[in-house]
Amino acid sequence: MNLHEYQAKQLFEHYGLPVKNGAVCQSVDEVDLVLAQLSGDKWAAKCQVHAGGRGKAGGVKLVQDVEEARSFAEKWLGQRLVTFQTDKLGQPVNQIYFEETCDIDKEFYLSAVVDRASQKVVFIASPAGGMDIEEVAQNTPHLLHKVEIDPLFGGLPYQGRELAFKLGLSDAQNKQFTDIFMGLSRLFLEKDLSLVEVNPLVLTQQGNLVCLDAKIAVDDNALFRHKDLSALQDLTQNDAREAEAEKFQLNYVALEGDIGCMVNGAGLAMGTMDIVKLYGGKPANFLDVGGGATKERVAEAFKIILTDPSVKVILVNIFGGIVRCDLIAEGVIAAVNEVGVRVPVVVRLEGTNAEIGRQILAESDVNILTAQSLQQATELAVNAAKENSNGDFN
């Protein structure tokens, strides 16, 4: 679960991390009241969306007075911001965060993520902070410095000093950086985060370090023990289909193709999308029905896939390990009848009771194309998508 910047900075403040004063508005009428809470004669105005790249997309601006602030709010509130991290529709802007400014001398990058290979938290720091950190990682990886944090002990002061030294900070700034490092480490572990990012972490002309931006992602599996964080979730930032899928424990991610995919298992789902691309098709989604697929969940999966008007064919790829293929076959038939599917459905079953499942499909009166292999299923789906441009059976 992602947090907005203003929510992340509230957490930063709670953990003693240096941030500038800021306030959020949800309507143009609130702009004057919000700015009255802040000092200075100019402010940073930031669209609040769950995506990076806001600055390059025009979603961050330095406003010089109240009128310019109101104009920025009028332009963006209720609109959608498209960045390189969003789809072509972008994400809705429901809040604008206004923040006091500071005189920047240098910009740094600081983040922490879970490294599953080492089973530790990895802190990453770089002297090249700002909007182009992705290019830094690709073109000059030697500018990225890392330390591993044991989750049993948390961050240790010497590790913060080690990073500060590599960033070229002075002794006074070294102490500030170490305090920030320790605070982020406590925040990361105590709140079960999967990502925390400060980009940029700035050094002001007065010699102080300030977290000028903040990004936080919380591990969804830990939300049950963080009710305070769960209450901060902004469902408007989620794709409506993804939000609906969560209700039925379906893992769904919308894409921009025309071949709807329903698969059990995340790895098999990714492999299915790869082979669809290999055969010249375009997957419309990632959808993992999980190991405990039932008739009801299969039906809901069909409904969610078909809410995408661009879907011209549905490819069902099931490997029966935990789940039985005969139950999946019955679920597919029931779903097609219940939902009234009007696009071709291609089904590939393998594993437990696969032959029984294929027989059930063959003996049904539902127009379903069955395949003996994933390659055959993919070819059928790609060809059907090309032929079925109007979305109806031929």
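One is the number of the first residue shown, and numbering goes on along the chain from there.
In case you wondered, yes, glycine gets a Cβ from its N, Cα and C as well.
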Record says G53, R54, G55, E99, C102, E107 bind ATP. Source is Swiss-Prot. Which of K46, K88 does it list for that same site?
K46
Using only what Swiss-Prot says about substrate binding by G321, I322, V323, identify which of N264, N285, N353, N367 is listed for that site too.
N264
Inter-residue C-alpha distance, I322 (substrate binding site) and G53 (ATP binding site) (nearest angstrom):
41
In the structure shown, which of the binding-site residues N199, N264 has the fewest other Cβ atoms within 10 Å?
N199
What does the structure give for the C-alpha distance between D213 (Mg(2+) binding site) and K46 (ATP binding site)? Integer Å is fine.
10
Measure from the Cα of V323 (substrate binding site) to the Cα of every one of the binding-site residues K46, E99, C102, E107, N199, then give the nearest.
N199
